[in-house]
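Quick look at what TrEMBL lists:
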{"type": "DOMAIN", "residues": "7-255", "note": "domain 'Carbohydrate kinase PfkB'"}
{"type": "BINDING", "residues": "MET15, THR16, ASP17, GLY43, LYS44, GLY45, ALA46, ASN47, GLU144", "note": "substrate binding site"}
{"type": "BINDING", "residues": "ASN189, THR225, LEU226, GLY227, PRO228, GLN229, GLY230", "note": "ATP binding site"}
{"type": "REGION", "residues": "251-276", "note": "region 'Disordered'"}
{"type": "BINDING", "residues": "ASP253, THR255, ASP290, PRO293", "note": "K(+) binding site"}
{"type": "COMPBIAS", "residues": "257-269", "note": "compositional bias 'Basic residues'"}
Amino acid sequence: MTEEAIDVVVVGSCMTDLVSQAPRLPRAGETIHGHKFFIGFGGKGANQCIQAARLGVKTAMVCKVGKDFFGDNYIQNFKDNGVYTDFVGQTSDAATGAASITVNDAGENAIVIVAGANMLLGREELQKALPAISHAKVLVCQLEISPQMSLQALRMARNSRVKTIFNPAPAIPDLDPDFYKVSDVFCCNESEAKLLTGSSVTNVEEAHRAGQELLKRGCGSVIITLGPQGSVVLKAQESTSKHIPVTAATAVDTTRTGRRTERRSRRGGRSQPARASQLIHGKCMCHLIDRPPDLTFTKLCRGQRQQS
């Protein structure tokens, strides 16, 4: 694949998920028996990259993993999913990012994350990826790597007139104001919107007001996901917002979703994003790169399970 052929570049994180399922979450100092364990490929950036690849677009990942078993497996997983891996770096200075996750029978979870190699992604790696970023049609970033590296990547894309999608997760209260100005699409959930705006976001009307505040800060468009209430979409050039409802689903595992309307794929993957989020991310991505939308949602967001 040549740099000119890449549609979507994702700059972000890779996490190996070590998932234990148990009847309940253990109390402090307690050991309990679980009934299932599996290792999965996670990380907000890597998940978004795989989703884009499964939509049928040519996708590249810019990230850093450790020179270890998990890092080697992650690179192979990208290749297996058709992701361009020339910008996936390996380091001996830190282990591949990992998350130890316990999920109870109610779908609730407790998570410990060690970012590891993710935090070592730096300007040198971004500069190496600049030709791909500048020729891409869409750049996607989040906040599971150094925020300054995400901001730098977004600036690089904007300087080359590449469309940008920014997911401010995990949210930080003192987000650099430039993030808003370099985001063509600013996509957050209700809790992130509340943290960033200081306003309650519990329903469609409140999401509309929060979205207007985010637009004032310079975003091209804003998407706020509301779990079972769907999503609210606002564009800078339009005076009204659009509400996209969602069909309710039973929560099985809320790991890394930021909402409780996800369900596990019947083919055994990790959690499958709620229909509203799939509609937004699918249609938005396809619109930006001039492709017809492929909204076969179970194919799009099937989890990256590795082994039981």
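Note that Cβ sites are derived from N, Cα and C of the backbone, with glycine treated the same way.
What TrEMBL annotates, mapped onto the structure for a quick look.
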| residue | record | CB count, 10 Å |
| --- | --- | --- |
| MET15 | substrate binding site | 29 |
| ASP17 | substrate binding site | 24 |
| LYS44 | substrate binding site | 23 |
| ASN189 | ATP binding site | 23 |
| THR225 | ATP binding site | 27 |
| LEU226 | ATP binding site | 25 |
| GLY227 | ATP binding site | 23 |
| PRO228 | ATP binding site | 15 |
| GLN229 | ATP binding site | 21 |
| GLY230 | ATP binding site | 23 |
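Mean pLDDT for the domain 'Carbohydrate kinase PfkB' (7-255) in this predicted model: 94. The Cα atom of ALA46 (substrate binding site) lies nearest to that of ASN189, taking the binding-site residues ASN189, PRO228, GLN229, GLY230 as the candidates. Less than 8 angstroms from the CB of GLU144 (substrate binding site) sit GLY12, SER13, MET15, GLY43, LYS44, GLY45, GLY97, ALA115, ASN118, ALA169, PRO170, each of them six or more residues away in the same chain. Summarising the environment of ALA46 (substrate binding site), the number of other Cβ atoms within 10 Å of its Cβ, over all protein chains shown, is 29. The two recorded residues, GLN229 (ATP binding site) and ASP17 (substrate binding site), have Cα atoms 28 Å apart. Here ASP17 (substrate binding site) is positioned 23 angstrom away from GLY227 (ATP binding site), judged by their C-alpha atoms.
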